[in-house]
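What TrEMBL records for 104-145, 146-188, 356-398 is repeat 'WD'. Sequence annotations record features per position, and here TrEMBL assigns region 'Disordered' to 446-494. If you look up TrEMBL, you'll see 473-482 marked as compositional bias 'Basic and acidic residues'. Sequence annotations record features per position, and here TrEMBL assigns compositional bias 'Low complexity' to 484-494.
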Amino acid sequence: MDAFKHQSFFQDIKSREVHGYRVKRRPYISHELSNFNQIGAVAVDHNGFTPPPMALSFCKTSKNSHIVAVTDEVGYLSLFNTRLQFPSSFTHLQNAEKAKVSEWVAHDNAIFDVCWIKEDTNILTASGDQSIKVWDAQAKQCVRVLAGHTGSVKSICPHPTNHDIIVSGSRDGSFALWDLRCSDSSSENLFIPSIATVHEAHISPCQRRTRRGKASSVSITSILYLKDELSIASAGAVDSVIKFWDTRNLKCPVVQACPNPDVSTQKVQRYHGVSSLSQDLNGAFISASCMDSRIYLYNVLQAEKGPVKTFKGCKIESFFVKAAISPDAAHILSGSSDGNGYLWQVNKPLEDPIMLKGHDGEVTALDWCTSETGKVATSSDDFTVRFWNIHNSCYSNTRSPSSIRRRVTALSCMQRRKLFSDEKPASIKNFSAGCDSNLTCHQDLPDPITVPEMSTPISKKRKTLPSVEPQENFEKTPEAAKRSPSSVLNPPSSLRKTIRDYFLVTPPSGLHSK
């Protein structure tokens, strides 16, 4: 056993597995493997007509996770079952006939984005006809139409917990918020207006104002509703800037992020647009696929500092090429203009990515299956959608970083009271970046407090505390709640933090109100 080395309370928690218990191993990709196991491929075909697929999305519930929705250039919405066996002797067209669950014409124009909502009972489609439609997946009927954009709707994203609220980004340079409940009960009126719209959200830094004083707007290529339930991230075609907005005040963005935050704007600087944004299941990271053929990974709480990782190897030569971070934030999957898919390990960005070979055209849209670990789908201009299983052939026995959970005993009530009764608490500097997300991080630990024994108490019975008057007032005031150890993970509603509270108070250059 290594010699004991004095370290802080939180370093000790991080370095040791305290009463750890093993959970089911989550497969973890080994960089030594060079290809995927392709499950099968289906052709996008409608009675002999084969349009290129535009977007796809797996169902979100575990019950229906094997169903994938595929949209195409002519406005069809098709559902496929990915759990079927795809014999090697079958053609892509035969596979499509076998795996197709249903299909219908959803729009009279290309469908650029698709998303499942409300326990997979409804489907959202965003189209070039400047509208968003809400579909009953079982009845194949349109139940709502969201109209108001003056350009093609390029991206949509539902609220993380309330799927009646939706945000959309359009080619007209605006993004809009919608509430599906804002309509009368009459079945004759399906149209719903937006509840809020932000125009000219992304304007070219090189764009000069016209004589009338109006600046031309540019297309919004991707939009995300963040997991804090109050913030929105948007990206455009003009540059690589990601803007973060607070839905409670949409007059200006809270902060903006870009690949080179320290580089001042210069005339010789090239501006590369962003083709897609994605976030992991917990909303801790955002990936941005940029037209400079790089994928940037941002920490949401420190986005203004620039990307924490950069991934290279693919070719992004059109805004149809997308990338997505895995639900567990361990991998990034990207399409490419060279006809391949690329996969990186997030913690090894400098290593060569794994290539998905099989498509004969530009690989565009893709998606991770959230319930079936290792299943992904990719679409291409070769008029096919391919399904891959990285669980069977490309995962090693290496445990993922999240495969061990730690159980930590909280401080007793008396210790918490003593915690605040000391006159000079010692502050702990910037340990949050290295602290395990599964651990409750207590603030302002004083020096006199000794490290509590990290073990389960012998008796689980509640003990009545003696009536001891603490030196401070422990009423549930906002000031007391701020100092409470439990406020770190469970703050009161009056102190609820959003992404806005984690950024600098001083707005970045270019965001000052005029």
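Using the three backbone atoms N, Cα and C, a Cβ is placed for every residue, glycine included.
Caution: TrEMBL annotation is automatic and unverified by curators.
Given the structure is predicted, the values throughout are model-derived calculations rather than measurements.
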Could you tell me what the rest of the chain brings near the repeat 'WD' (356-398), counting residues at least six beyond its ends with Cβ under 8 Å?
25-30, 32-33, 35-45, 50-58, 60-62, 65-66, 68, 70, 80, 82, 86, 92, 281, 317-318, 320-324, 326-327, 333-343
Count up the helix, strand and coil residues in the repeat 'WD' (146-188) according to DSSP, in that order.
0 helix, 19 strand, 24 coil
Integer mean pLDDT for the repeat 'WD' (356-398):
85
Using DSSP, what's the helix, strand and coil tally for the repeat 'WD' (104-145)?
0 helix, 26 strand, 16 coil
Count up the helix, strand and coil residues in the repeat 'WD' (356-398) according to DSSP, in that order.
0 helix, 21 strand, 22 coil
